[in-house]
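Scroll down for the structure; my scribbles are underneath it.
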Amino acid sequence: MRIGYGWDSHEFKKGLPLKVGGVELEHTHGLAGHSDGDVLLHAITDALLGAIAAGDIGTFFPSEDARWKGADSVVFLRAAMEQVHRAGYMVANVDSTLILAEPKLSPHAKKIQARVAELLRIEPNCVGIKAKTPEGMGTDNAAIAHVTVLLLRRANKPRARMTAAAHAKRGARD
Ligand code: MG
């Protein structure tokens with residue numbers, strides 16, 4: 001198994017759409033960035049890539065590349081999932097903490113959880129969505145996301161034919 005960690009921050013700007021975890025939320029301000037500024041999807045993408053030591057979001061999607069201007073961050077997450085799949089892993093669970101002054105995320109947590117679960121191909125009860133306000137941090141004009149992810153080796157056909165003893169040995173190694 002592998003563990004991954006991701007972190008991201010984006011600045012609030014008036015009049016932009018606000019997207020968190022692939023869900024658009026009603027708010028006066030949105031998150032500025034080269035892409036759609038989805039701070040949670042960016043941190044999840046980095047956590048996935050970090051878990052398989054495949055670099056980070058900028059490795060695959062450089063911010064100076066005009067193709068990703070205003071891009072839907074789901075594209076980045078899907079690319080990271082493809083890397084995870086190719087490396088022979090699948091997501092077991094993900095946990096996240098968002099730090100932002102406004103808007104209150106708890107009314108939207110279930111919707112964000114369901115969307116992230118769908119994107120990661122796991123059950124909603126394997127997606128932790130937590131939110132805090134930035135007490136004493138002076139970051140009221142930013143949204144910050146911290147994410148950890150656990151990956152498990154995918155079973156494939158040759159491995160499915162392995163003996164129980166070989167599975168036990170491999171399990172100990174992973
Ligand atoms: Mg970002």
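Note: Cβ is positioned from N, Cα and C throughout, glycine not excepted.
Just so you know, TrEMBL annotations never went through curation; they're auto-generated.
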Self-check item: divalent metal cation binding, same site as D8, H10 - TrEMBL member from H29, H34, H42
Solution: H42
Quiz item: Can you list the residues of the same chain, besides D8, S9, H10, H34, S35, D56, I57, G58, whose Cβ falls within 8 Å of the 4-CDP-2-C-methyl-D-erythritol 2-phosphate site's Cβ centroid?
Solution: G33, V39, H42, D46, S63
Exercise. Select one residue from H34, H42: among these binding-site residues, choose the one with the most other Cβ atoms within 10 Å of its Cβ.
Key: H42
Quiz item: Are any of the binding-site residues D8, H34, S35, H42, D56, I57 near ligand 1, with a Cβ under 6 Å from it, and if so which?
Solution: D8, H42
